[in-house]
C-alpha cells in the first residue's frame, strides 16, 4: 500500500517538474513508461552490480557466451530508457512550438537553447539526460525513504502520536502544513532525520573511481580503484548514534545545536564530493512536505489478516531499495 501511494506521488511530482505534465491517473502513458524503465533498471542491479563493471573487457563478449547474458539485459533496458528520455521531451518540444508549453525544467532549458541558437543534437541529448536523471536518481530513493517512514510509524505508534500532537498544536485543523511551517515543527524534523539515518536509501552510495593514488588512515589506495562510501556504517556508528539499531528521533533533540548539525544524516545520505546528489534539496523538501501532510491528515495503522489480527511488518532489508509496507491509512476526523 505505502509503496504504491508513494510511487504515484513521486512520479507525478517529477513529471510535473521535469516536463510540466500533470498526471491524472495511473494509466497515464508516461507513468507506464517510467514504471517499465525503473523496473528494468532495478532488475539489472545497482551500480557496479555486474562483473562487467569491474572487468570492462567483458562488454565484448557475445550474448550467447557464458557470462554474456548481460548484453541482452542491457539491450532491453536501453530501449526502455530511450523511450523514457525521448517521449516526454518530444511532448514538451511540440508544445513549445505550438505555444502551449507550461513551465518546466525541460521547457526552460529548451527555450534557453533556442534563444541562444544552441539547440544542436548534442544539446538536445544533454537536455533529455538532465530531465531524465530526475527519474533515475530521484524516484526509487524518494519512494524508499517514504516507505521507511511508513514502516517506522507502524512500528512506533507512540512516535506518530507525538508528531501528530505537534502538528495539531502548531498548524491546527483549519489548513494543511506548508514549507513556512518547517522551522516550527522541530519534532517532525527529528523524525525525518531519524528516517534518513535508521535505514539509508542507498546503503553503499554511488561508487567513485579514484583519479590518482591516495592514502586513507594508513591504507594505500591505487588510482582507478572503485571506492564505495559505506553510508550505512556511518549512520550506524554507535560513537555518534548510541543504540543505532533503535528508531529514536529524540536522539537529535538531546544533542546541542552544533553536534546535531554535525551528525545530521542529511550530510551523508545524498552522497559526497562532485557526485553529491544535485537534487538533494528538492528531494528533501518533497519528502518533508509529503510526510507533513500525511501526519496532518492520516492515521497509520497495522494491516489485518483474514482473521482480523494485526500484521506487524517484518524488519527484513536487503541491498536493494525498500519494497512494500502493508498498512492501513485512515483519514483523520478533526473537529
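Yeah, the Cβs are placed from backbone N, Cα and C, and that goes for glycine too.
What TrEMBL lists as heme binding site is 277. TrEMBL lists 1-20 with the feature signal peptide.
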List of residues, in chain order, with Cβ under 8 A from that of residue 277 (heme binding site) and at least 6 apart: 137, 138, 270, 271, 283
For residue 277 (heme binding site), the three-state class that DSSP assigns: coil
